[in-house]
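Trainee: TrEMBL lists these features:
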- A:21-41: transmembrane segment (TRANSMEM)
- A:275-302: transmembrane segment (TRANSMEM)
- A:333-357: transmembrane segment (TRANSMEM)
- A:369-390: transmembrane segment (TRANSMEM)
């Protein structure tokens, strides 16, 4: 086939409008680069959010409750989750783990030991152990034990140390001291009361509540519970990405609320996603125009060699031979553009990875599979459009 | 391979041709494989038109042209290309060489159109030598005389495999000596392929030992 194509080169001049063709090629290159950058940024974002290397930054626990509005004040059951609502939350794709927060249905009074003269009414809650950020040997309770491990919110001690104690002239207390203090815990219900010793096992940043082991909670609710079954008004979920916009939307749509601070990243992410989408969109537009110019260019070549093509066909040249020849004039260039774009993107990605690494954010220094798939897809699309154009106009002339 | 025409009639010449009798137009004629056919035709009776119909590059006719018992329109573009590459060769009256190619390239174009060329390059050189055009092979076909071009067109037609060779006044610009040489070469190549030819011309001639004569 080669010597035949050599001769065709002299008959069908593809040099016509070369500068326009080169400009379209540059356009294709830029379009491809924009599309690939959009794909890669998206993949980088996913790596930052979901890869195990960055896990500590993002995977998070959210305590979700219903918004208390003026309309539902005084109607406690309205703030409770029904079974259907719980199932609905569990079914969401962003929920990795789900736990109910069980509240105490008995009265709790806690007294500080010795001459601290501190006593308060309190409540307990419990969550499944998997949701706790405080783990330790002490965190267990079996029936009959007099000592109950308790987890306090970190904020609680901070409120005392930096708010209350200073203004009241009381001593500030360290976490260690609190852990060492035995607290007198009296729980009571309709059937009597019982005294325990509470030991603070740790401080949680995750859940703002007074937590006891689930085994104790179940036992105490059973024995001293004043109501049959307390409705669930708070649930805890583990989500890989609290900034996930679908999560935020889900909460808004259902009138749920959670710690807003944990969701603020979502807005940043939305902005970045928008920008990336716009870049990708411009890439697509540019790609469209590049393909348009290519098509017109092919059309121009075929139209300007109409007589020659007709004579070639008259002499027995198969339309397939002409199509192969014409495509061969363009396809190598597309492949070169694709390779150059990939190389550029690899360089960009290496640079990005190096810069991010300085900020302790790990992304792969190599372009992701999506980028290669994108290159193949764009090249495939351009090839297809070329093929269709060549087919159409060669068939018209032959 | 058999070429057959049935009630073939050119639409533009219809009125004119219906007033005279013809051995071809509006007749059933079968050209049997391997036969040397001469069609004698006065000017304006559709000689070139007939060749174009037989080669299927003009379609303004009524009736049918059957090739291998199939009418031309039943062939698709690829089959048509195969026919023209391997089964039917042609020498146009107006030659139809590519002016942007040299004489040799015009011949090679046809030769290498097939992935496995039928003729060797030496064979082309031989034919060129026999027709006295070796010296013009490397010239642009634009600069050749009509007679030289005619011989290049003949060599081009002979550089491919064929079962039928269509010729439209192939010797119109050749002197007697060159005509004799060209005719001998064509006859030889046709015999070598067991191929036949259909030649149209204005007058009677003795260039070949024709099997059949027709009056257009």
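Positions of Cβ are set from backbone N, Cα and C atoms, glycine also.
Help me see these features in their spatial surroundings.
Mentor: Residues 12-14, 16-17, 20-21, 23-25, 27-28, 30-35, 37-39, 41-42, 45, 309, 326, 330, 378, 381-382, 385-386, 389-390, 393-394, 397 of the same chain sit 6 or more residues outside the transmembrane segment (A:275-302) yet have a Cβ under 8 Å from a Cβ within it.
Listed by sequence, the residues of this chain that lie at least six past the ends of the transmembrane segment (A:369-390) yet keep a Cβ under 8 A from its Cβ atoms are 28, 31-32, 35-36, 39-40, 42-43, 287, 290-291, 294-295, 298-299, 302, 323, 326-327, 330-331, 334-335, 338, 341-342, 345.
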Trainee: Do any residues, 6 or more residues outside the transmembrane segment (A:333-357), come within under 8 Å Cβ-to-Cβ of it, and if so which ones?
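Mentor: Sequence-remote neighbours of the transmembrane segment (A:333-357) are 25, 28-29, 32-33, 36-37, 40, 44, 48, 363-367, 371-372, 375, 378-379, 382-383.
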